[in-house]
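*Asks:* Below is one structure. I have some questions about it.
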Amino acid sequence: MLLLERRPVDSSLMRWASPLLALVLTVITGFILFLAMGKDPVEGLRFFFITPISDLMGLAELGLKMAPLLLCAAGLTVCYRAKIWNIGAEGHFLMGALGASIVAVQLVDVDSVWVLPVVLVAGTLAGMAWAALAAGLKTHLNCNEILTTIMLNYIALNLLLYTVHGPLKDPYGFGFPQSVMFGDSALLPDLIPGTRLHLGLAFGLLAAVAVWVMFARSFIGFQLNVVGQDHRAAAFAGFGARRLTWFAFLVGGATAGLAGASEVTGPIGQLVPQVSPGYGYTAIIVVFLGRMHALGIVVASALLALTFIGGEILQIAMNMPKAVTGLFQGLLLFYLLTCDAFIHYRIRLKRPAHPSTHSTATGEA
Amino acid sequence: MELLTNVLAATVVAGTPLLLVALGELICERSGVLNLGQEGMMLMGAVAGFVATLTSGSLIVGVAAAIVAGIGMSMLFAFMAVTLAANQYAAGLALTIFGTGLSAFLGAGFVGQSIDGFTRVAIPLLSDIPVLGRVLFDQDPLVYLSLIAFAGVAFFLRHTRGGLLLRAAGEDPDAANANGLKVLVVRYLAVAFGGGMAGLAGAYLSLAYTPLWTENMTAGRGWIALALVVFASWRPERVLLGAYLFGAASILHLVLQGLGWKSSTELLAMLPYVVTILMLVLLSWNPARTRLNTPLSLGQPYRPGH
């Protein structure tokens with residue numbers, strides 16, 4: 001009989017092998033799925049994983065999708081390290097997009113280098129304000145942050161829909177629920193001319209570096225780690241749990257808010273209802289897959305960005321439903337958590353107890 | 001009176017999916033397992049129920065398929081959270097993300113198709129009672145099923161040996177194990193019940209509430225149900241009350257519009273979520289009280305002999 005046995009020490013090899021193993025299992029499942037649907041699996045996997053990144057244009061698109069994921073994931077890493085289960089990156093992101101758009105629409109005719117920074121700061125602050133709601137609900141009213149952040153996500157989405165259908169609706173937009181196009185001075189500069197890749201990716205990479213510095217070098221990073229690993233030890237050491245909770249939430253809100261602001265001032269250039277294909281939720285997978293580590297989340301955000309583009313390509317090239325993206329992401333997280341169990345546990349073959357006692361007895365005799 | 005009756009009847013209909021999924025989660029949490037994957041299981045139930053009904057032409061087959069889909073999803077969760085003792089938060093989130101993706105994938109070809117959903121079946125005599133008759137006894141069969149499920153769960157928890165064992169597994173798994181109870185088996189069964197009920201709740205949405213399938217059609221109801229269980233302090237009677245309260249909040253915008261209230265649909269659509277947060281605030285501000293009611297081992301993986 002197979003037995004799950006606790007390892008004396010957690011396996012650090014398994015800690016980093018688990019994401020790779022999960023990816024392999026996901027690809028195998030994908031292979032079977034293509035076969036089951038009567039499609040060529042090799043062709044399908046090539047469209048999903050290789051085609052999107054086979055030229056500069058594709059790589060730029062990858063960076064474009066990476067930017068919001070990485071920004072959101074950087075903030076969530078800070079939260080999850082402290083075991084604060086903030087599921088609200090989607091809401092922070094939407095509020096960031098909304099806040100930035102409200103300011104950008106007011107400044108549409110202003111031509112100044114200050115417009116873009118002001119718009120980005122507005123988005124960041126809006127994200128922080130939304131996160132502050134959840135932080136206050138947790139620290140002062142004792143509400144479970146998973147439930148409040150999820151609810152705040154839905155409220156943020158409805159607020160955004162209200163705004164594009166109402167106050168921010170472009171009067172000359174042929175009735176479409178969208179804002180006016182922002183002025184040129186409110187748009188993020190491109191990183192690579194001729195592609196859509198914009199400065200947002202640089203923000204994301206900077207955020208990842210900041211996360212690395214925070215947890216490798218700073219006292220507050222240390223405090224967050226301690227709170228996450230042992231709440232009581234943190235209390236004995238006098239680390240203020242409330243203060244740290246607020247800090248983690250505000251960082252999470254700021255990065256996701258900036259991500260939202262970068263999305264509307266980057267590739268879109270106006271506020272539209274479908275500003276996020278679920279970046280805030282996918283960022284949760286990025287954090288787990290990236291082992292809550294700065295370098296890890298950079299790699300993981302690239303992989304998850306690929307699933308968005310791969311899904312679009314499969315839809316066009318092989319007439320598959322676009323939902324294949326969500327399916328792939330869900331599978332990946334599932335396999336990851338399963339493989340993660342083997343960080344703490346190992347499988348052992350349990351031999352029948354009787355013969356072994358017998359042999360020991362003979363040995364002694 | 002006519003308006004009131006209709007509003008109350010609509011409240012019961014809107015509250016029924018919440019009641020179904022929350023009853024399942026109540027049992028699950030009472031065994032010590034917190035399954036955040038309700039939304040994913042509901043969506044799978046909704047899509048399985050719809051597709052099965054469309055292809056077989058039978059609503060019964062649809063309901064059965066939804067329950068099976070819900071249980072199937074919950075077993076994935078149980079394998080991770082109970083057998084592998086994984087973090088229940090992460091495993092539940094994974095279930096929701098996976099269920100959302102898988103249901104959208106499986107249902108992609110069925111968007112825009114329609115079926116003949118459940119219709120109202122008046123119960124003779126009882127439905128003639130003024131107001132109450134229309135509200136409770138002139139509804140579709142799944143509403144009756146939800147009320148039977150409520151009575152069953154309430155009775156099971158309070159008056160049966162099985163209910164006692166379930167609560168023991170959730171309050172003190174070590175002591176329960178020492179008394180010879182197979183805690184993991186109890187937890188598997190509780191998770192499976194939760195999955196079946198979530199599947200059924202999903203089927204209610206796609207077979208009765210709005211007989212069609214759209215991506216993400218649960219619109220956060222699985223999450224609201226999780227809040228509902230907290231709100232109910234893990235007691236079935238309060239789950240029933242809460243479900244109808246939230247049901248009322250989710251149809252309030254229709255009522256207000258019917259009364260000539262001018263407001264944006266999007267703003268009113270926020271109401272159930274705002275009400276959920278307010279309820280959480282009301283119920284959680286006193287930490288001592290929350291601790292008193294929460295199943296003691298909720299969210300903690302159990303490994304016998306460790």
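Placement of Cβ uses the backbone N, Cα and C atoms for every residue, glycine included.
Any TrEMBL annotation is an automated prediction that lacks curation.
Below are the features listed in TrEMBL for this protein:
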TRANSMEM  B:6-28  transmembrane segment
TRANSMEM  B:40-61  transmembrane segment
TRANSMEM  B:67-86  transmembrane segment
TRANSMEM  B:93-115  transmembrane segment
TRANSMEM  B:141-157  transmembrane segment
TRANSMEM  B:185-205  transmembrane segment
TRANSMEM  B:217-234  transmembrane segment
TRANSMEM  B:241-261  transmembrane segment
TRANSMEM  B:267-285  transmembrane segment
*Asks:* Below 8 Å between Cβ atoms, which of the listed ranges B:6-28, B:40-61, B:67-86, B:267-285 makes the most pairs with the transmembrane segment (B:185-205)?
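*Replies:* So the stretch in question is B:67-86.
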*Asks:* So, taking each listed stretch (B:40-61, B:67-86, B:93-115, B:217-234) in turn and counting its Cβ pairs to the transmembrane segment (B:6-28) that are under 8 angstroms, which one gives the highest count?
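*Replies:* The stretch with the most contacts is B:217-234.
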*Asks:* Sort out the residues at least 6 away from either end of the transmembrane segment (B:141-157), same chain, that have Cβ-Cβ distances under 8 Å to it, and list them.
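*Replies:* Answer is 12-13, 16, 19-20, 23, 26-27, 30, 63, 118, 121, 123, 163, 166-167, 197, 200, 203-204, 207-208, 236-237, 239-240.
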*Asks:* By Cβ distance under 8 Å, which residues at least 6 away from the ends of the transmembrane segment (B:267-285) in the same chain are close to it?
*Replies:* 220, 223-224, 227, 230-231, 233, 242, 245-246, 249-250, 252-253, 256-257
*Asks:* Give the nonlocal contacts of the transmembrane segment (B:93-115) in its own chain as ranges (CB under 8 Å, at least six residues past its ends).
*Replies:* 35-44, 46-48, 50-51, 53-54, 73-74, 76-77, 80, 207, 211-216, 222
*Asks:* Between the stretches B:40-61, B:67-86, B:241-261, which wins on the count of C-beta pairs under 8 angstroms to the transmembrane segment (B:217-234)?
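*Replies:* Between the stretches B:40-61, B:67-86, B:241-261, B:40-61 has the largest tally.
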*Asks:* Please give the sequence-distant neighbours of the transmembrane segment (B:241-261): residues at least 6 beyond its ends with Cβ less than 8 Å from one of its Cβ atoms.
*Replies:* 3, 7, 10-16, 18-19, 22, 224, 228, 231-232, 268-269, 271-272, 275-276, 279
*Asks:* List, by number or range, the same-chain residues at least 6 past the transmembrane segment (B:67-86) whose CB is under 8 A from its CB atoms?
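*Replies:* Distant Cβ neighbours of the transmembrane segment (B:67-86) are 33, 35, 37, 40-42, 44-45, 47-49, 92, 94-95, 98-99, 184, 187-188, 191-192, 194-200, 202-203, 301-303.
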